[in-house]
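Taken straight from TrEMBL:
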ACT_SITE  CYS2  active site, nucleophile
ACT_SITE  LYS608  active site, for Fru-6P isomerization activity
DOMAIN    2-220  domain 'Glutamine amidotransferase type-2'
DOMAIN    289-428  domain 'SIS'
DOMAIN    462-603  domain 'SIS'
Amino acid sequence: MCGIVGYTGGKQAYPILIDGLKKLEYRGYDSAGVALLQDRGVTVFKKEGKVAKLEAHVGVSDVASHTGIGHTRWATHGEPCDRNAHPHLSRSGRIAMIHNGIIENYAQLKTELLKEGYVFHSDTDSEVLLNFIEDIQIKNECSLEEAIRIALKRVTGAYVILLIDQAYPDTIIAARKGSPLVIGIGQNEHFLGSDASPMLAYTKEVVYINDYELAIVKPDELILKNLGNEIITPYVQKLDMELAAIEKNGYDHFMLKEIFEQPQTIFDSLRGRMDAQKNQITLSGIDAIADKIMAARRIIIVACGTSWHSALVAEYVIEELCRINVEVEYASEFRYRNPIISSEDVIIAISQSGETADTLVALENAKEQGATIYGLVNVVGSSIARISNAGSYTHAGPEIGVASTKAYTAQLAVLQLIALKIAKLKGTIDDQKFTYFIQQLDAVPEKVQWILDNQVEEIQRIAKKYSDANDVLYLGRGYNFPTALEGALKLKEISYIHAEGYPAAEMKHGPIALVDETLPVIFVATKDSYHEKIVSNIQEIKARKGKIIAIVSEGDNRVEELADDIMVVPNCDEIIAPLLAAIPLQLLAYYIGVERGLDVDQPRNLAKSVTVE
Ligand code: F6R
């Protein structure tokens with residue numbers, strides 16, 4: 001959370017920083033600010049709210065500068081307001097700093113500084129760290145770089161920090177632990193960002209900075225060091241991403257664009273990995289740890305939010321096809337509850353961003369205890385991808401809408417491949433069934449396209465009809481129980497309507513008390529082995545006058561007769577159904593959010609990449 005950008009080079013820094021902040025706004029939008037190195041010293045502009053408000057605030061001020069840093073905030077310490085916005089200035093006014101992360105021992109550092117007479121102008125942990133650095137620099141009469149190194153050895157928590165100091169023209173000093181930092185290399189210029197999107201228009205050569213590394217960045221020089229002051233050779237990588245991938249391309253919102261991209265992104269996630277002719281799935285990550293998987297006593301899947309929902313689907317699929325015990329864990333619980341882990345465990349981590357703090361730390365802990373980590377990640381080069389022993393990318397491309405859509409279905413697609421691949425290795429699937437599932441998966445992109453071509457108008461109508469609801473219940477069974485959870489999560493985050501997902505049969509044990517003629521109940525009722533059961537559940541809700549909205553398989557007249565409204569998906573095997581059923585629920589949440597006049601790409605209080613615990 002929080003987006004950071006930096007630029008030093010021959011161009012004007014301000015427009016690059018503003019454009020970069022807009023690209024990173026998905027990481028937080030409580031406030032925005034920039035600091036520029038100018039002839040007269042360091043100038044800071046900052047404002048509560050989105051980047052557009054910052055631009056209006058800056059207006060026609062003098063922003064001429066070739067070196068600057070910028071920040072878009074997701075508030076942790078201190079309410080969103082101008083005062084708490086970054087960049088912060090040090091006591092001398094000489095140094096400006098932006099920070100993404102949390103300094104856990106900031107209170108102790110603050111007490112020390114208060115005793116020294118420091119006065120703080122914000123409630124942030126970041127301002128404390130900045131003054132702690134300056135205090136060290138003054139007392140030790142050392143360089144800024146040295147002061148940062150000393151300070152960071154005393155700091156606990158997570159950070160990416162970028163500093164500019166009027167004593168060091170053209171220079172940005174950056175350091176990272178636990179939050180992402182990418183440096184883009186241009187012609188006599190460098191770009192810094194929480195991800196590569198701010199630099200994509202200028203360069204495709206990037207360096208991903210690792211934990212405990214410090215970068216001294218000048219237009220024509222990038223020096224990388226560890227906290228022990230040893231020089232590290234930067235590992236330059238080529239970005240495989242086009243600018244169009246991070247633009248709206250005519251859609252009203254990124255979320256809508258990303259929903260409509262799914263036929264392609266699902267195709268991309270499967271591409272080159274399955275061969276129906278040869279009856280083969282190629283996943284080099286699984287091959288790399290095949291011996292561990294064969295010997296594993298169980299697979300633990302660790303994730304948060306939407307990724308946790310795809311983990312639940314995977315639990316059902318892997319146990320069914322591979323006959324191996326699977327446990328699904330919330331990363332935030334797993335990391336703190338002292339789980340029993342050994343070298344006989346294989347852990348699959350699922351994460352779109354690859355930066356989710358809870359997932360990352362849960363993996364670090366498990367790795368220390370000998371477990372093998374398999375990362376299923378969307379963002380190439382992200383922290384989770386890098387600490388994994390092996391893994392697969394989901395290849396969904398950049399997901400910018402805060403609510404996850406295409407990354408979710410790409411996760412589901414690759415998890416299906418993983419299950420099939422493991423089943424083949426373990427011999428728990430016969431050739432005929434294997435071919436059948438490959439064919440089923442192969443048909444998914446086309447079926448998703450069918451939903452997008454044929455159901456959008458009807459879903460818009462349903463969205464209008466129920467957009468005033470106060471509560472919505474989502475029910476599903478079996479493979480589509482997680483679909484119900486995901487549908488409810490999408491609606492909550494986009495429309496601010498209270499929504500709950502439940503296993504359909506479980507509603508009799510409590511939630512049924514909520515049902516009256518005002519409650520919309522969304523059933524994920526595609527044709528599967530639970531179908532008769534879910535039809536009974538629909539009857540139970542109908543008998544209590546709840547409004548029934550059902551996702552049904554094409555041609556299912558029975559549920560159509562019972563339901564007030566239906567959203568249709570093509571027929572498919574029940575194992576594949578979550579990939580299709582997710583689409584109408586994403587669209588429904590989107591159109592309800594739009595109907596309510598909300599900012600669906602940047603819902604309140606949320607941020608895309610949750611890099612704080
Ligand atoms: C919901 C959503 C979040 C994320 C969660 C995990 O739409 O996007 O629930 O799924 O924060 O994020 P990743 O997958 O990046 O680890």
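For all residues, glycine too, the Cβ spot is worked out from N, Cα and C.
All TrEMBL annotations are machine predictions without curation.
Quantities reported herein were computed from a predicted structural model and do not represent experimental measurements.
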Rounded to the nearest Å - Cα separation of LYS608 (active site, for Fru-6P isomerization activity) and the residue listed as 'active site, nucleophile': 9
Averaged pLDDT, computed only over the residues in the domain 'SIS' (462-603): 95
In the chain carrying CYS2 (active site, nucleophile), residues 6 or more apart in sequence that have Cβ under 8 angstroms from it: ARG27, GLY28, HIS71, THR72, ARG73, TRP74, HIS86, HIS99, ASN100, GLY101, SER179, SER194, ALA607, THR611
Surrounding CB atoms that lie within 10 Å of the CB of LYS608 (active site, for Fru-6P isomerization activity), all protein chains: 25
Three-class DSSP secondary structure - LYS608 (active site, for Fru-6P isomerization activity): coil
DSSP-derived class (H/G/I helix, E/B strand, else coil) of the residue listed as 'active site, nucleophile': coil
Summary of DSSP states over the domain 'SIS' (462-603), given as helix, strand and coil counts: 71 helix, 30 strand, 41 coil
Counts of helix, strand and coil residues, the domain 'SIS' (289-428), according to DSSP: 66 helix, 28 strand, 46 coil
